[in-house]
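Student: Checked Swiss-Prot, it gives:
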DISULFID  C50-C93  disulfide bond
DISULFID  C184-C193  disulfide bond
SIGNAL    1-20  signal peptide
Amino acid sequence: MLSRTILFSTSFLWVRVANAAFGITTSDDSYVIDAGSANPLKFTVSRSSCDITSINYYGSELQYSGTGSHIGSGLGSADVSAVEDGDYIKVTCDTDTLTQYFVVHNGDSVIHMATYTTEEPSVGELRFIARLNSELLPNEEPFGDVSTTSGGEAIEGSDVFLVDGETRSKFYSSQRFIDDQRHCVAGDAHRVCMILNQYETSSGGPFFRDINSNNGGSYNSLYWYMNSGHVQTEDRRQGLHGPYSMYFSRSGTPSTDIDTSFFANLDIKGYVATDGRGTVSGTASGADSSFKWVVHWYNADAQYWTYTSSDGSFTSPAMKPGDYTMVYYQGEYKVAETSVSVTVGSSTSKDISGSVETGDTIFKIGDWDGTPTGFRNAENQLRMHPSDSRMSSWGPLTYTVGSSELTDFPMAAFKGVNDPVTIKFTATSAQTGAATLRIGTTLSFAGGRPQATINDYEGSAPSAPTNLNSRGVTRGAYRGLGEVYDVNIPSGTIVEGENTITISVISGSSGDEFLAPNFIFDCVELFQ
């Protein structure tokens, strides 16, 4: 019996190894790519459309059978070719304005990808979507079922659902670009992760976020959104997007430290190797050290960022040569901006300094960090709809300086829902002179902006903010252009003793409940 068991085990191992035959199998319709990995990975690419139509990993079919995995909603048609070059296989899909690459290294159960564009797709967004078997890969990581919409009832558009009493949306899977190096879908025996180490040609900056995954029932979607119109704050960039990698494993979560420098030897359009780049090093100073500091570089062609060390020192990622705007953030709040030039093969030295400047503070609600952190419902807003029963009451609320908790102040004001927001404070005789009420916002919807009344004085109505033409707060977004509004308060308006401020939402537009004109608070400060 023992000898038969050994023989069976040995035969099973031999079959696994035998199946791991690195190479390309070509038919009239498709290329079958065998990664030659110990845990066998084979995937099939259509020669007419560039769709991935099969992903067989460790003996299980992980690709959804109804629709392929592809760029956008599929290229429709493309010139597709595949070549084997030593330890690498490259599949190239060409259209007039886009080239998609799939690259495999011998022995690795990883599909490396890159997308080269010369113009934005007509749909106004650029994404890769892997449509995967939701029975074998039902789970979404790292945020769980907040974006599992299977069996739900649509409550807003076609992308926010009510599932078992909880609001869910694919948008609730998002993570800030600066923190999103990996997101996954998984099951008991398989895990597929998107590894993202290069955002240079994406759009939106370090704090932009977009859809990462969505189990809609028929299949579980694993995405990489390179750009979109989802609260987009800058023009889309063209060129090479990536490399990005789809990593297959049986259990453990893979490292994000993946070397893709071999792309330099594979004739990939737009790829710039490390020796064709430069860096920027320096020290940031002046901002509040209780927040993380971020330095961000961008121009029309590329974007980069890094957290600083605790002492403010930083070194950029390897950057393409060129002239860049350089921004310093306290949290997500811009405190300084300058410019810098990057040259090939060198490290440019550039320090940056800045801080939040106001005046003698009478009161401050929240922090100047570019986020609504700490305000009521802010801790839930990323992962659920404002109407969710798990949210606290939106109000209208009254915040009393000196006695209220920060959670007594709403993260957002919605016209006709919870406005006006009321602030009560006590002033001394020395504080009755001219003052400034500064209202920081992070995002506006439908032209919503604040108008303040201080006691009997009505502040002027500010002009409408830039329209980003995208739902925000209801889809888990809080960051837009970060408009800051100053209300100049004449001397004598503030009185010794009790004072009342109301902040209302004004807009020429209208909408129902949480789709009414609205804005999200960053910080409210009264100073002289």
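Any Cβ shown, glycine's included, is placed from N, Cα and C.
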Student: Cβ-Cβ under 8 Å from C184 (disulfide bond), same chain, 6 or more residues apart: which ones?
Tutor: E140, E141, P142, R191, V192, C193, M194, S213, L222, T253
Student: For a quick check of packing: other C-beta atoms within 10 Å of the C-beta of C93 (disulfide bond), how many?
Tutor: 25
Student: When you tally the Cβ atoms that lie within 10 Å of each candidate's Cβ, which of the disulfide-bonded residues (C50, C193) has the highest tally?
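Tutor: The residue with the most neighbouring Cβ atoms within 10 Å is C50.
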Student: Could you tell me which three-state DSSP class C93 (disulfide bond) falls into?
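Tutor: Assignment for C93 (disulfide bond) reads strand.
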